[in-house]
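See structure below.
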């Protein structure tokens, strides 16, 4: 168990490409921290640098206060779980799990005992003599976890460990990873591109983009107070709706009409010296069918009427999709997010708006609906810098 | 062959199939069986013919019958009592094995470097070995003949082993680097994370996984060396290093007026045995080895 | 984008760029990086050196030496007359009827046998790839011609067609097919095709494996007939594999030697260029002329290879970036 500190850690490849730029993170002992970002954001490189599989170009990595930049992976006492699991195909499950202990020249009896223990925790006891090729995806994943926990290392590094599992199993394994981490209370650095995993697993989340840390904080804090457009768009599913807007005398006009900002939002925007042209962001759940709300609530926001393009009923609530006329919000960060989601080149006129309505809503596909949104939950972003103008520390 | 050759055939998931479909399937199976038989005949007839000749008695050699009418082991007895064949066999085996070992060791080193390491000149090496794979061997015969005479390598084992290694290396490098690439890079990382030194990672993780590829390559290289005729006949002049393929063309009959048909065939059968064994036991590997190096993407 | 990336997000940002990057305090860390990189390069070169040295020593130097020899009159029977004659040997070879006959024979054999092999190889590949019965068996059996020693197979064909012993000469009631130029060439082609079709088929099969079954299903859903599926879907996807197979086989066929040596000894104008070189060198002991022919063959092969590589474009083998990352 250990505290891991990244002090201005930088990775520059020989060809000059900057993969990770001056990252500062302090990971507390026993903390579960998530590195998240789109592919190519440097999160795996960072993990590999902590592991010792890649050299650190500049900066310092300290484990328990000790500089380890020059240490070989085997001397760092860190275990890693790989995306592909990296199980040794020529060894049985037992041999796979025993491998790190054998390399450490642990006594045979203790090896057996530790492997049995780990197998019990991970429910692998009946598979110990099988080869990885004969295991299911979930079982392989558990063997990879077993190989990591069996030697009680100072920390776990996990590189998208669940991304090769099918959706249902992934949810199941997510909870068991979380439980296991709490049970062992071992410092864990977990890399993922899945924002759901980021939200549900970690004590804290680090959002990366282009090798630069965008924001660090608890999942809920990041959700409520994204530092910039990128974090706002990345965290949350379905993601935040963005549209261009104009600020004038405390009111904001967007494709949804003009709305008077709440005092809180206006004050924040003023202190951030918000420009006239902004990007407004509203999360889907901050919309509601106007007909299911009382007068008092309605007065706290603004309503608009539009045709429902698509209505998805999830049982617990309904997702209604609208098309908002006018220019779509554009910024480098939003483009990058769209490219990562694979929707970068889907051109549609206007902005697609996703709203989450209560199950009792009477909205109909193809029909007009009156929708309300909460003016106090609007976030404003600077289109040129992407900075959140309504960021509340 | 009819157009059905190109029909997509789903991996037979029999179940509730109608009778018509079932009979269609047996019809297809029948047709494939016929195709198989044609291939079988194609591949085996020349081999069986040599086998047949080797068992014919001297008197029936010219009866033009596909199968021997009188059987004898005399031809085998003859070749194994003359020094000529035994010497050639020893040369063939010795030269092929030594060349294979060296080529595989050098090839493994180079292939590992090409598959896993970043170093200047890598592309050049890949290009050069490709060039050598296409090199007209006969172009080397003249200069090697002269050089080996001057160096005293002419008509010696090393004199053949050297060119064999050279022409086997591209084959070895290509097949092996394809095999190495198939070993996931992450396994090495995992071994390092599990506390292995680079040497341990290689010995306990990479080597066991690479072994099948190395073995396959060894078979392919051996077949190549075993097969060579041009170098064997150009760079040797006596029994000291003449291999079986070259020696065959120097066989003479029991008497001056007798054609050496029987003994040549018997010798031919003997040197075909290792090939048959390889093919029978390692078919899958040979196919994998031959195809992996040649076509990528 | 870079402008945005620099935008301070939260706590993690410090002074921008400039000195912080230029002067990294942990000098040791910097050294370790280049050290590791250097070690990797060194190891790579070290591992490749033996193979590279052997290959260059046995091919590179001799081919240069061969050029040097080809510029001399050098007959081992008359070593005293060794003399530098510039291009006299080339003039002699290129004005020699036998050389051009051999060249024509070689080119003809190459084209005819490679074309036949391509067709048969494709059929065999399809059979090996799609057969419902005995897939392992036919793969095993087709490896026999590939593995068998060429000379052994050549003797089998020789005795099969020899007018004294042959069941085939009896079957076709041929007087002496190996002494007639055209039947002899046909038999050489037969022997060559028999031996190398399985190799061709294996390379093509590797290409076939690259054609996704879903693609063929989609094509048949789109209404393509079996033939259309073959020509419009499979062949285009297999193109790189076909070109590789053709390249290897063409260059290999061009150096044909073993079969001719056993079947006809090059008599009756059935000699190939390799056969001519061998005869001048080992039989005639004329190093100068032999080397000249070596060089000419090398040039011919280089031209063939060049044409193929042009055809390949970017899909040439060896263009595989290979390696990590």
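The chain as shown is numbered from 1 upward.
Each residue, glycine too, has its Cβ placed from N, Cα and C.
All TrEMBL annotations are machine predictions without curation.
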(request) Match it up for me: which of C:43-68, C:69-94 does TrEMBL list as transmembrane segment? (result) C:43-68
(message) Tell me which of C:137-161, C:212-236 corresponds to the transmembrane segment entry in TrEMBL.
(response) C:137-161
(request) Quick one: sort out which of C:181-211, C:243-273 is the transmembrane segment according to TrEMBL. (result) C:181-211
(message) Is it the case that the transmembrane segment (C:181-211) and the transmembrane segment (C:285-309) touch, counting contact as three or more CB pairs under 8 Å in which the residues of each pair are 6 or more positions apart?
(response) no
(message) Using a cut-off of under 8 Å between C-beta atoms, tell me which stretch among C:98-125, C:137-161, C:285-309 contacts the transmembrane segment (C:43-68) the most.
(response) C:285-309
(message) Which residues of the chain, 6 or more past the ends of the transmembrane segment (C:285-309), have a CB below 8 A from one of its CBs?
(response) 63, 66-67, 69-70, 72-77, 85, 89-90, 92-94, 99, 103, 243, 246-247, 250-251, 254-255, 273-274, 276-277, 316
